[in-house]
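These notes are about the structure you will find just below.
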Amino acid sequence: MSNILVGVTGGIAAYKSSYLVREFIKAGYNVKVMMTKKAESFVGHTTFEALSLNPVLRDEFSPTPISHIDYASWADICIIAPATANIIGKINAGIADNELLSTILALKCPLVLAPAMNTNMYNNVIVQENIKNLQSKGIYMILPAEGLLACQTEGAGKMQEPEIIAKKVINILNNGSDTSLKIENDMLSGLNILITAGPTKEYIDPVRYITNKSSGKMGYALAEEAYKMGANVTLISGEVNISSDIPNIHKVVSAEDMYNAFLSFYESADIMIMAAAVADYAPVYENNKIKKNNDEMILSLKKTKDILSYAGSHKKDNQILVGFAAETNNLEEYAAQKLAKKHADIIAANDVSRKDIGFDSDNNEMTLFFANGSITHTGMQSKKDIAKIILAESAILYNEKNS
C-alpha cells in the first residue's frame, strides 16, 4: 500500500489532522506525520504517533540526522493540513527553516496543501499570489470552505473536512490527479457558459400549480463557481430561495418560459449545463379558479418541450452539453440511455431517493457518464466541489474539441 506523509502546521484546524490521519489509516495506507513546533501547541505529537504507529518528525526530535530526506524519499504523496499563511509563504519562497519545510524541499512526490486561516488573511493579495504561484508550479491546493471561523467571523478560510481532503489526496495518488483540482482560476476565462437551474411551476389555474422539489442549489453552485473562474455566465433560473451576485440571471416560471429563454442564448454558448428540473408535463390552464365540486378532479396534461433534447440535436460541433439525471433506481442504466438519447457530452446522475444528498441538501454524490464511455464517481462532497468537478471536465472536453 502507498505511503502518505501528513504535515501539520500551527493553526487551530490542527486538531482535524488527527481525523485525517485516521481516514488514511482506515483506507489501508501507511502514514507518517511531521509537525512544526507551533502545531504542537494545538495537538501533541503523541496523538499522531498513536494513530500512525510511526514516530513523528518534529523540530525537537529527528530520528536520524537526515530524517527530512528519509521522510521525503519514503512518501508517495504529501499533504499539509492545515497549511497556514506563514507556511504557504515560506514554501513559495523556498525557505527551509524547520524539519517540515526541509522535507518539503526534498520531496519527489506530489504535494497537496489545504489552506486554513482567517478570512482577511486568506483574501490578502500576497497570500492569494502565493497560492496561485504554487498552483502554477504543480502544487495541488484543496481550497478552504466558507463558514464560521475560530475568530467568530464568517467567510472563506475554513479547512475542508478531513473526509473531503482524504478523498482528494487518494484520487491524486491513485489517478495521478483529482478533477476538481485540475481547474485553474482562469481555465474558463472568456468562455460563454449557459446554465439552467431550479424548478419550473406549471399553473393549473390562477392559484394552483404543479412543481417539483428542486432547490436550485446545484445549478447556482455551478453558475457561481464558473463566474469566479472568469466565465461569462448566463443563468436561467426557476423560482428559488437563493441570492446571487451573478449579473446575468434571467428568472422564469414555467417550462415554456425556460425553453424560450434558452432559445435566446444557446447559440452563443460554449458550454451548456442543463441543471434545471424542468417539468415533463404541464396542465391545461384554466383561466378561472377550479371549484371543488366533485370528490375527484381529473387534470389534463400536455408534454412540455424537451430543452435538453433540443440542445443535443442543435448543438454545434464545438459546443459542450451537460445534462442531469435525477433517478430513484437503475441509475446507471437510465443515465446511459439519457446520454445517448439526448446527444449530450456528459450526464451527471444522482440518486434522489437518498436522504443525505440531492434535493435541498448542500451535499451531493454524482456519477458522471461521458459520451466517450468513461465514468467518474465524485463521492459525496459539497455541491460547490462537485460543481468544480463538472466545470473542470466540461472545460477539458471543450479544449479537446477546440484545440
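The backbone N, Cα and C atoms fix where each Cβ goes, glycine too.
Per TrEMBL, active site, proton donor is recorded for C151. The CTP binding site annotation in TrEMBL covers D280, K289, F324, K338, K342. What TrEMBL lists as domain 'Flavoprotein' is 3-171. If you look up TrEMBL, you'll see 188-393 marked as domain 'DNA/pantothenate metabolism flavoprotein C-terminal'. Annotation comment: TrEMBL describes 1-192 as region 'Phosphopantothenoylcysteine decarboxylase'. Residues or ranges marked as region 'Phosphopantothenate--cysteine ligase' in TrEMBL: 193-403.
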Quiz item: Of all the Cα pairs drawn from D280, K289, F324, K338, K342, the residues the record ties to CTP, which distance is largest, in Å?
Solution: 37
Quiz item: So which of the binding-site residues is most packed in, judged by how many other Cβ atoms lie within 10 Å of its Cβ, out of K289, K338?
Solution: K338
Self-check item: Distant-in-sequence Cβ neighbours of F324 (CTP binding site), under 8 Å, six or more positions away
Solution: M218, M274, A275, I347, A348, A349, N350
Exercise. Give me the mean pLDDT over the domain 'DNA/pantothenate metabolism flavoprotein C-terminal' (188-393), rounded to a whole number.
Key: 93
Self-check item: Greatest C-beta neighbour count within 10 angstroms, which of the binding-site residues D280, K342
Solution: K342
